[in-house]
Amino acid sequence: MNNKLTALIFHGLLAIASCKWLNEKSIQNKIDEKIGKNFLGGMAKAVVHKLAKNEFMCMANMDPTGSCETHCQKASGEKGYCHGTKCKCGVPLSY
């Protein structure tokens, strides 16, 4: 039960962070308070950092919101491809 509650709180903080209501530093401080400065806390902070710098919402080579494609069409007229969590215009995945 406690693990599920922790996961729920963590996902809630990620959702709030993606809406720009809170910044990355405040979420990482909350992780330090709730989880602590241990291995699990470090992993959680790394995930928050990776998602916070994700500008076009690319996740695992997928563009669920279409933000990458829209950005590339406006910027260069090329097709947008997600490479992990990064958006690249006109550069398809090679694997």
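Any Cβ shown, glycine's included, is placed from N, Cα and C.
Disulfide connectivity taken from Swiss-Prot links Cys87 to one of Cys19, Cys68, namely Cys68. Partner cysteine of Cys89, as given in Swiss-Prot, is Cys72 (from among Cys58, Cys72, disulfide bond).
In this structure, of the disulfide-bonded residues Cys58, Cys87, Cys89, the smallest number of CB atoms within 10 A of the CB marks Cys89. With DSSP classes pooled into helix, strand and coil, the tally for the domain 'BetaSPN-type CS-alpha/beta' (55-95) is 9 helix, 10 strand, 22 coil.
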